[in-house]
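Participant: Here's the feature list from Swiss-Prot:
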BINDING   GLY413, ALA414, THR415, GLY416, CYS417, GLY418, LYS419, THR420, THR421  ATP binding site
BINDING   THR420, GLU514  Mn(2+) binding site
COMPBIAS  125-134  compositional bias 'Polar residues'
DOMAIN    400-566  domain 'Helicase ATP-binding'
REGION    5-9  region 'siRNA-binding'
REGION    184-188  region 'siRNA-binding'
REGION    400-811  region 'Core helicase'
REGION    833-921  region 'HA2'
REGION    960-1076  region 'OB-fold'
Amino acid sequence: MGDIKNFLYAWCGKRKMTPAYEIRAVGNKNRQKFMCEVRVEGFNYAGMGNSTNKKDAQSNAARDFVNYLVRINEVKSEEVPAVGIVPPPPILSDTSDSTASAAEGLPAPMGGPLPPHLALKAEENNSGVESSGYGSPGPTWDRGANLKDYYSRKEEQEVQATLESEEVDLNAGLHGNWTLENAKARLNQYFQKEKIQGEYKYTQVGPDHNRSFIAEMTIYIKQLGRRIFAREHGSNKKLAAQSCALSLVRQLYHLGVIEAYSGLTKKKEGERVEPYKVFLSPDLELQLQNVVQELDLEIVPPPVDPSMPVILNIGKLAHFEPSQRQNAVGVVPWSPPQSNWNPWTSSNIDEGPLAYASTEQISMDLKNELTYQMEQDHNLQSVLQERELLPVKKFEAEILEAISSNSVVIIRGATGCGKTTQVPQYILDDFIQNDRAAECNIVVTQPRRISAVAVAERVAYERGEEPGKSCGYSVRFESILPRPHASIMFCTVGVLLRKLEAGIRGISHVIVDEIHERDINTDFLLVVLRDVVLAYPEVRIVLMSATIDTTMFCEYFFNCPIIEVYGRTFPVQEYFLEDCIQMTQFIPPPKDKKKKDKEDDGGEDDDANCNLICGDEYGPETKLSMSQLNEKETPFELIEALLKYIETLNVPGAVLVFLPGWNLIYTMQKHLENNSHFGSHRYQILPLHSQIPREEQRKVFDPVPDGVTKVILSTNIAETSITINDVVYVIDSCKQKVKLFTAHNNMTNYATVWASKTNLEQRKGRAGRVRPGFCFHLCSRARFDRLETHMTPEMFRTPLHEIALSIKLLRLGGIGQFLAKAIEPPPLDAIIEAEHTLRELDALDANDELTPLGRILAKLPIEPRFGKMMIMGCIFYVGDAVCTISAATCFPEPFISEGKRLGYIHRNFAGNRFSDHVALLSVFQAWDDARMSGEEAEIRFCEQKRLNMATLRMTWEAKVQLKEILINSGFPEDCLLTQVFTNTGPDNNLDVVISLLAFGVYPNVCYHKEKRKILTTEGRNALIHKSSVNCPFSSQDMKYPSPFFVFGEKIRTRAISAKGMTLVTPLQLLLFASKKVQSDGQIVFIDDWIRLQISHEAAACITIRAAMEALVVEVSKQPNIISQLDPVNEHMLNTIRQISRPSAAGINLMIGSVRYGDGPRPPKMARYDNGSGYRRGYGGGGYGGGGYGGGYGSGGFGGGFGSGGGFGGGFNSGGGGFGSGGGGFGSGGGGFGGGGGGFSGGGGGGFGGGRGGGGGGFGGSGGFGNGGGGYGVGGGGYGGGGGGGYGGGSGGYGGGGYGGGEGYSISPNSYRGNYGGGGGGYRGGSQGGYRNNFGGDYRGSSGDYRGSGGGYRGSGGFQRRGYGGGYFGQGRGGGGGGGY
């Protein structure tokens, strides 16, 4: 293959160009690959190779680029050196000319002339998509018109600022100093001048006790010829309108229509915080000053005049070198399927028959296989007959014809017509039958995990296969990938976006399902695909949607054709609230709550109670009952009455109840189960929510026996994503839960809002799958008429930081320019906010390109600030804990609580730390311990402690995924090892975790006043959230050791409350949770509102924060330097550890602490498992209990090595348990197995105690502690130099001992060493052995050790990456059963 590189070099040489190769290592140490990209100037395409060695990677990249040159007719295919045949360019239409001009890339409209923006585009684009693959930057459809003006003006201003050598305070002038106070007046002035009638449109959200408002407005700007839009949220109408005006004014400012605010900004004086006296020991102050000197930092002297305070923060000490500004608008590279490329792993196929097979050969084999299967498999024939009956079948020929002739096609079909499962199969089977199987690979996106998995399993069943052959799926934490050619992969949109970094290579068709849902990822993907279609007209995009108005999508994709698929025609009769009351003769129960006085909502409530509007055709009783129901509440009693009414109809069928959010589902489930009628065997009540485990989710599809009614309580997940065939009745609350975010005050609100008419139409369609159905809408007809037609796109109500990072990672050009091309572009102020946040985090450099830190953050599926916190956690060797806390923030709390406040059983998890985050960490640690004893123990633990097991399992998955990404980015594994934390006594590692948390959640800082009352930024009032461990019971007052807290998010209800709170010391705030620190010599001011009484010199040592940030810069460039930091940096880190201790600020956590109920925690033994189930030394996971081949001893999970009982009693049958007796893992005299004994024999010290000692070994004569030295001491290795191995005799675990004569280098936190001793392997004989770091992948060179039947849900290999056994495999123990 080498001559392909020479061919490309020669071709470029003739044109006076040189190919530029860029190569980097990817994957983990055990299966390292090399990714190579080759670019040639003037071509907007990167050839890619991903192989096991550098040479092949370069050759494959060169071949990919040459194939691209063939496709765009720059090179003739017969000139290309052989080996792997280049597929001919796919034929677009009947024309023989395969040169695709841009005009052909824009499919012809379905009738009538081209609309003006497209006619202009076609003219501009005639030179279009040639060598560059994209055309000039000019001809992008100017949806976000005039954004270019903003960016070009911004560049001029940057140049001017540089000339004046003026340090600009970016934040103050970020939006022209326009604030909530001054924006509305300026907007009104603008309206008067331009003679605009500006009216706010208000929507009320939430129930009465928690009411808030959304204000929105669209205005047309004459001088720019475009509209701008704002939609903001506030606790009353006045605030919502002010926020909406602020967004509009900021956008007008950025577009150059209005000036910056030049008056004095009047800040509302918040409540003053009294100066807090900080006690700092002289020793620590001296240590601080020494570090500052060592780091060569300058301390600002105190001011001469106290009324002129000085700023103590110093600027950044280290910057990333600015990379070259990317001027070309990027596009994600695409190439058709090729012979030796696997699109699902984005790598070349280097070995096996497929590495050298031609596309013709592959196509022939697959056709023969399908033909044989059709003839022989009788089940398949009956499934085919079922498929024939689906409504979409009649449209098969029309769909295939449209897809063949157009780059983009929209298929619109009623729910249940079969489009999701059938369209991909029609395309695939068409290619296979026409001898083009190797030219077809289809990716299908779904908005949710449950639908991606359920649809993939259904399609595999219809093809007579298991997932993993022609059909597979990939969702976060779980994948079964299909074969590399002629296959369909179902995935979530998020997973596809992560795969885009390697391009859409080897994929012939991209199908985007449920486009009407308008989540932020789908909207982002549509912009990417639109650009891809312009650059590569041969790609095929199919957009699928429910029966809604698709005009907007059709125009966005150049007036592409729409195919209408009609569904099964079982009618669905719909009823509204007044009908439901009349039918059931429902009388609402008397209200037991006294109504609170209405707070001032800032104006008239125009969102009238529609329950007072009832037509004359209904009786007076109905009108009265209806008027007594509160529109904002979900009437459980009426749902109950409807279920009883359904019983009387004697029409069997499942009932699907749509409810907004998990809380209502859980409450409704308990409400029904506690009712003697619905809790009986005649009913099966099933919840359906994205957060419940897959096994639970699957139950909703299972049929129930005769005489049993299945009632499914679901969120909008069942609206479009999945189809439950036996549903006949739908009861619809007509509501859904949305997350609203307001940027200017960093406020989150989870509001229950009315669903849109489109949503209600979808929900209605779920009934009537098998027979005529019934839909009961729990809203009045009057309310229905007032509903919005569509929901607001998520892009308008969520921060854009993560999407902005993805844009830069995929090299798609400027963030603003890219988002301006969205189907509905987000407001400009939100884009600028995101760019600014990323610059502050050092994720973007001076040219707005990704820094090495930004590149790591872009790969982590988590909020960028948390990502940086995780990197800092790795530097301090507490990476695992920080990853756990970050993962836990992605999910609801695991506590199952009846009331709003947590009970003692949950508060206990916080120990003495006054911290919700520590409670989460402790819960996770305790659950992780419990599950080591098997699944039954895990279930028992969760029931006893009232914890949601599903949430804990998903947190584990997310944590492991985050750690894997960091390890693959080059971070040493030993900085991510699991540690044991104590929440009841001193623990410096936990102190450091809390310091880093203060950085991660900044600017969310608050000060406790009394009872639940706290002050947040700028002294504004708020409350401790009732779900916090810090929330006092009833009205009792609480005294905390420190009044300062950091918190996860501000939730706006009637009041503003802080959720997820952790107590911090003032020194932790000073160091990690501050932006502006000033001193007048006596008092230090943090961010203009917190005042500390601390010496100027001590406070000035805040400057070491800059040194810490500089270290993050260096570590991001080269993560492996963490394990060999220079003494100055080590000294700085140790000083930060000291500052993080509560005692450093004179705070005693034991004071004021109330310990509830359970008494002190028993001592724990150390764990070094990398979170992967390889725990408690050697017995817990992997090969100690059930794992590989059933483990060593008999016994169950932890029965392992000895014959003894379970976890505590095991390992050495008699005598103490695992860490009982004289001490645990690394403590004093005792060894691993307690007392004086070794693991299962006599002898001296054990694992970490003493020096290894004599004869007693793991399984007999030689072994673990044998030979010269012990664990890390002196000459001997892990198992000493002796002959015995793990299982005695010569063969044993590692032949010549665990690490041969290597020794075991031990630095404070590192356990690195080579585990692959001499001759013996795991089962003797093989030459491999455990050759890797202590908590990583355990794979010997010659064989891997997966339990034969085990594996994560049966798939083999821990988390499908071969981490020691499985994760609750089939047998939890015994031979071949799996285990951890």
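Note: Cβ is positioned from N, Cα and C throughout, glycine not excepted.
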Participant: Going along the chain, which residues at least six beyond the ends of the region 'siRNA-binding' (5-9) come within the CB cut-off of under 8 Å?
Facilitator: 18-19, 38, 58-59, 62, 65-66, 79-81
Participant: With a radius of 8 angstroms around the mean position of the C-beta atoms of GLY413, ALA414, THR415, GLY416, CYS417, GLY418, LYS419, THR420, THR421, what other residues of the same chain does the ATP site pick up?
Facilitator: LEU390, PRO391, VAL392, GLN422, VAL565, GLY567, THR723
Participant: Report the listed stretch (184-188, 400-811, 833-921) having the maximum count of Cβ pairs within less than 8 Å of the region 'OB-fold' (960-1076).
Facilitator: 833-921
Participant: Counting across all protein chains shown, how many other Cβ atoms sit within 10 Å of the Cβ of GLU514 (Mn(2+) binding site)?
Facilitator: 23
Participant: What mean pLDDT does the predicted model reach across the region 'Core helicase' (400-811)?
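Facilitator: Here the predicted model's pLDDT, averaged over the region 'Core helicase' (400-811), is 88.
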Participant: Report the member of THR415, THR420 (the binding-site residues) whose C-beta atom has the most other C-beta atoms within 10 angstroms.
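Facilitator: Ranked by Cβ atoms within 10 Å, first place goes to THR420.
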Participant: To the nearest Å, how far is the Cα of GLY413 (ATP binding site) from the Cα of THR420 (Mn(2+) binding site)?
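Facilitator: THR420 (Mn(2+) binding site) has its Cα 10 Å from the Cα of GLY413 (ATP binding site).
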Participant: If you count Cβ atoms within 10 Å of each one, which of the binding-site residues GLY413, CYS417, LYS419, THR421 comes out on top?
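Facilitator: Answer returned by the neighbour count: LYS419.
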Participant: Please state whether DSSP places THR421 (ATP binding site) in a helix, a strand or coil.
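Facilitator: It is helical.
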Participant: Please report the Cα separation of GLU514 (Mn(2+) binding site) and THR415 (ATP binding site) in Å, rounded to an integer.
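Facilitator: Answer for this pair: 10 Å between alpha carbons.
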Participant: Treating G and I as helix alongside H, and B as strand alongside E, what does DSSP give for the region 'siRNA-binding' (5-9) in helix, strand and coil?
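Facilitator: Helix, strand and coil residues of the region 'siRNA-binding' (5-9) number 5 helix, 0 strand, 0 coil.
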Participant: With H, G and I counted as helix, E and B as strand and the rest as coil, say where DSSP puts THR415 (ATP binding site).
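Facilitator: Assignment for THR415 (ATP binding site) reads coil.
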Participant: By DSSP assignment, list the helix, strand and coil residue numbers for the region 'HA2' (833-921), in that order.
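Facilitator: Residue counts for the region 'HA2' (833-921) by secondary structure: 51 helix, 4 strand, 34 coil.
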Participant: Please list, for the region 'OB-fold' (960-1076), how many residues fall into helix, strand and coil according to DSSP.
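Facilitator: Going by DSSP assignments, the region 'OB-fold' (960-1076) contains 37 helix, 32 strand, 48 coil.
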Participant: For the region 'siRNA-binding' (184-188), what are the DSSP-based totals of helix, strand and coil residues?
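Facilitator: With helix first, then strand, then coil, the region 'siRNA-binding' (184-188) has 5 helix, 0 strand, 0 coil.
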